[in-house]
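Colleague: Structure incoming, see below.
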Amino acid sequence: MSGTDMSHAAGAGPDPDPGRAAVASAYQRFEPRAYLRNNYAPPRGDLSSPDGVGPWKLRCLAQTFATGEVSGRTLIDIGSGPTIYQLLSACAHFDDITMTDFLEVNRQELGLWLRDEPGAFDWSVYSRHVCLIEGKGESCQEKECQLRARVKRILPIDVHQPQPLGAGSLAPLPADALVSAFCLEAVSPDLASFQRALDHITTLLRPGGHLLLIGALEESWYLAGEARLAVVPVREEEVREALVRSSYEVRDLRTYIMPSHLRTGVDDVKGIFFAWARKKVGV
């Protein structure tokens, strides 16, 4: 679990693109705990209502993995942030999981939970909910134990580099599957940059492998403590077009409209998208 700065860890120098450099600078003020409170504690973290955003995301993931089509040995979570919920259904289907993030503070936050240390964020409500919707009779403790056992490493990443994990990455490549939640649109200054970042992470995926992508629709900013982060606003059709341009076959694309009671002033998000796409073979 690296403690080095991203630019050194991935072998990349300062970003010459002023838009991306501004994004990287803004993220130095990112506060993981504030982000978690804003998005994964109530009201958005209230999983008791099936119409909530949390249950919707967890259902999308659980239903996709339940098809049995998204499986293999290796999975990489692109831009994990300080969250683990996006892997709760995945961990039954992959033996070797790599988590990644640009920020050292997020990698440290993930490490606290993976080592089950005091003070780590409590994801048990999410684990319990996933066990409920999967219906396999697992306890949340068993689910969390399985995820901790299958995450093998936490690595720095920069999706704006042609080699996002750097040269000589410790992750087994190419991966059988990728997961990415609220990353690409949140670190891209414009739609062209979003497309290039998608192209870059696609190089980490084997032909025929699967990508599960979750992100914000029509969002331009969000708060994480003192940090106010810019987001490139994307629409559902722009997500679909970007996936096709990156040589994916779109298997599923769903949207969720954020209800008024969950528009809490921590961002201006209009909705959420979930995409399941398969990388074409021989392209």
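Residue 1 is the first one shown; counting continues down the chain.
Backbone N, Cα and C define each Cβ position, glycine as well.
Heads up, TrEMBL stuff is auto-annotated, nobody curated it.
Residues or ranges marked as S-adenosyl-L-methionine binding site in TrEMBL: TYR35, TYR40, GLY79, SER80, TYR85, ASP101, ASN106, ASP158, VAL159. According to TrEMBL, the region 'Disordered' annotation covers 1-23.
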Colleague: Only counting partners 6 or more residues apart, tell me which same-chain residues put their Cβ under 8 Å from the Cβ of TYR35 (S-adenosyl-L-methionine binding site).
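Modeller: Listed in sequence order, they are GLY81, PRO82, ALA224, GLY225.
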Colleague: Sequence gap of 6 or more, Cβ distance under 8 Å: name the residues on the same chain that satisfy this around ASN106 (S-adenosyl-L-methionine binding site), in order along the sequence.
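Modeller: In sequence order, the residues whose Cβ lies under 8 Å from that of ASN106 (S-adenosyl-L-methionine binding site) (at least 6 apart) are PHE30, PRO32, SER80, GLY81, PRO82.
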Colleague: Mind computing the max CA-CA distance among TYR35, TYR40, GLY79, SER80, TYR85, ASP101, ASN106, ASP158, VAL159, which the record assigns to S-adenosyl-L-methionine binding, rounded to whole Å?
Modeller: 24
Colleague: Within 10 Å of the Cβ of GLY79 (S-adenosyl-L-methionine binding site), how many other Cβ atoms are there?
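Modeller: Total other Cβ atoms inside 10 Å, all chains included: 24.
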Colleague: Sequence gap of 6 or more, Cβ distance under 8 Å: name the residues on the same chain that satisfy this around TYR85 (S-adenosyl-L-methionine binding site), in order along the sequence.
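Modeller: Listed in sequence order: TYR40, GLY54, LYS57, LEU58, TRP123, TYR126, VAL130.
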Colleague: What are the sequence-distant neighbours of VAL159 (S-adenosyl-L-methionine binding site), meaning same chain, six or more residues apart, C-beta distance under 8 angstroms?
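Modeller: Looking at Cβ-Cβ distances below 8 Å from VAL159 (S-adenosyl-L-methionine binding site), excluding near sequence neighbours, one finds ILE78, GLY79, PHE102, CYS183, LEU184, VAL187, ALA197, HIS200, ILE201.
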